[in-house]
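A.B. asks: Just passing along the structure, written as structure tokens.
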Amino acid sequence: MPGHSDLGARPRGLRYPRGGDVWHRLFRLPLEEAASVVALMFFAVQGAVPGIAPAQALAANVAAATPLMRVGGMAAQALVYGAILLLLLKWHRRLLAALPRMQFALLLTVWVLATVAWSMDRSLTMRRGAEFALAAGFGLYLAVRYSPQKQLRIFWWALVLLALGSVVAAVVFPAVGLDRSAGHLHDWKGVFTQKNACGRMMVLATAVVLAMRRRGLMVAASAVLFLAVLALSGSRGAWLLEAVLLAATALFATLRRAEPRTRAGVLLAAGVAGVASLALLYAKRTPLMEWMGRNATLSGRTEIWQAVWPFVMRKPWLGWGYAAFWRGWTGPSFDVSSAVHFLVFHAHNGYLDLWLQTGAVGLGLFVLAYGRAWLCVGQRLARGRMRDLLWPVSLLLVVGLYGLDENTVLIPNGIFWTVLVMAMVQLEPGGLRQRIPARLRGRAKARAAYAPSALPAR
């Protein structure tokens with residue numbers, strides 16, 4: 001596919017048996033793709049590598065980080081972000097050519113970096129802002145460097161390894177792999193920071209499997225593994241999102257089989273069913289909350305939102321600066337933690353946190369970027385271009401819905417900003433090849449013309 005990697009491609013004329021081809025594609029992992037797998041694993045656990053997690057990551061276990069953990073955490077960050085920087089430098093021409101495809105996501109990245117000018121902790125905002133920008137660059141790299149199906153293979157590897165690690169952690173090292181929060185002592189958190197984080201990643205993992213076109217025995221086995229870990233995580237919110245994801249997959253399967261003139265009717269019926277489902281959930285919200293193990297305050301979330309809101313209104317336009325507000329018992333976050341009587345590290349609502357940290361400007365840029373992505377989805381559906389569309393749509397759903405009760409985009413070392421940028425770039429119309437300047441394509445053609453295989457035999 002033009003504009004994507006040819007690493008791992010088999011020579012012309014060489015054919016593998018059907019089963020062998022699946023094994024070959026799954027298990028042949030070049031070094032550059034392996035580095036991407038490691039980076040995704042790091043982001044999936046929010047940088048909380050077991051044994052070297054920062055204090056925020058250990059908050060769910062009510063444990064303080066030791067000096068060794070802090071040093072190890074910084075070393076892991078330096079290694080991962082250094083590798084990402086090397087990848088960006090290696091492919092800088094292609095990435096710069098595709099940079100305009102980020103559109104509002106690029107403006108949001110620049111705005112996050114600009115908040116250092118009025119941040120309460122400029123050094124922290126500068127460091128976290130650089131990581132935020134590198135994470136965005138990594139999302140751009142994944143979209144430009146790899147085809148959607150290769151992206152899925154890379155994500156599959158990362159999430160399979162994390163799921164297997166979670167099984168080992170929960171069964172062999174229960175002190176590490178089981179959640180320690182009250183009422184959830186038997187729920188699995190595996191190698192993640194807590195059970196809800198584990199559930200989120202398993203939902204993402206099932207999205208990967210559902211979007212893969214080549215499914216063999218190994219992929220089927222991994223699907224069983226992902227669903228088992230998801231069930232054992234006890235994360236009811238993740239279960240609900242999994243149901244939404246399965247419904248979206250069924251809708252896409254129906255649209256692919258439908259005639260072009262009937263697709264509008266299918267979408268209308270799906271919209272009516274969605275509204276009816278929301279109305280039913282609202283009518284049954286009390287038993288639903290009881291089933292999810294949450295009270296009227298959504299496990300304290302509404303209290304956090306009420307405590308955070310006055311601080312949003314103090315600096316409504318520019319915000320407090322990226323990563324500068326949430327500093328534990330230091331600064332204004334102390335007042336929020338005091339109001340709810342426990343330590344708070346984020347607003348437990350991604351959109352409220354965006355407003356708090358980056359102001360209405362940052363929130364507006366995110367809304368424009370997210371809305372633009374859905375507009376591109378609508379354009380593709382209208383034109384019947386549904387090939388590999390389920391993958392970015394699944395990412396948009398996961399990020400958008402999880403943003404309602406968790407911090408998704410701005411969380412340090414998080415995976416969702418990377419995958420969101422990747423989905424946005426991938427959805428932009430025109431194709432990646434059309435965005436590459438003609439001079440670069442000309443050089444590629446010249447190299448191909450003068451390659452040894454292209455020269456006439458004497």
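Cβ from N, Cα, C; glycine included.
Pulled these from TrEMBL:
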- 222-367: domain 'O-antigen ligase-related' (DOMAIN)
- 34-59: transmembrane segment (TRANSMEM)
- 71-89: transmembrane segment (TRANSMEM)
- 101-120: transmembrane segment (TRANSMEM)
- 132-148: transmembrane segment (TRANSMEM)
- 154-176: transmembrane segment (TRANSMEM)
- 216-232: transmembrane segment (TRANSMEM)
- 238-255: transmembrane segment (TRANSMEM)
- 264-283: transmembrane segment (TRANSMEM)
- 354-377: transmembrane segment (TRANSMEM)
- 389-404: transmembrane segment (TRANSMEM)
- 410-427: transmembrane segment (TRANSMEM)
A.B. asks: May I have the DSSP-based helix, strand and coil counts for the residues of the domain 'O-antigen ligase-related' (222-367)?
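C.D. replies: Breakdown, helix to coil: 105 helix, 2 strand, 39 coil.
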A.B. asks: For the transmembrane segment (71-89) and the transmembrane segment (154-176), does the number of C-beta pairs under 8 Å, pairs 6 or more apart in sequence, reach 3 or more?
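C.D. replies: Between the transmembrane segment (154-176) and the transmembrane segment (71-89), which are separate recorded stretches, there is no contact, as judged by 3 or more close Cβ pairs.
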A.B. asks: I'm a bit unsure how to read this: which one of 101-120, 132-148, 154-176, 389-404 has the highest number of Cβ pairs shorter than 8 Å with the transmembrane segment (410-427)?
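C.D. replies: Most Cβ pairs under 8 Å with the transmembrane segment (410-427) come from 132-148.
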A.B. asks: Using Cβ atoms and a strict cutoff of less than 8 Å, what residues sit near the transmembrane segment (132-148) while being 6 or more residues removed from its termini?
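C.D. replies: Residues 1, 3-5, 33, 36, 39, 43, 81, 84-85, 87-88, 91, 94-95, 98-99, 101-102, 105-106, 109, 112-113, 154, 211, 322, 388, 391-392, 410, 414, 417-423, 425-426, 432.
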A.B. asks: With Cβ-Cβ distances below 8 Å as the criterion, list the same-chain residues six or more beyond the ends of the transmembrane segment (101-120) that contact it, or say none.
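C.D. replies: 126, 129-130, 132-133, 136, 140, 143, 318-322, 324-325, 331, 357-359, 361-362, 365-366, 368-369, 372, 410, 420-421, 424-425, 428, 432, 435.
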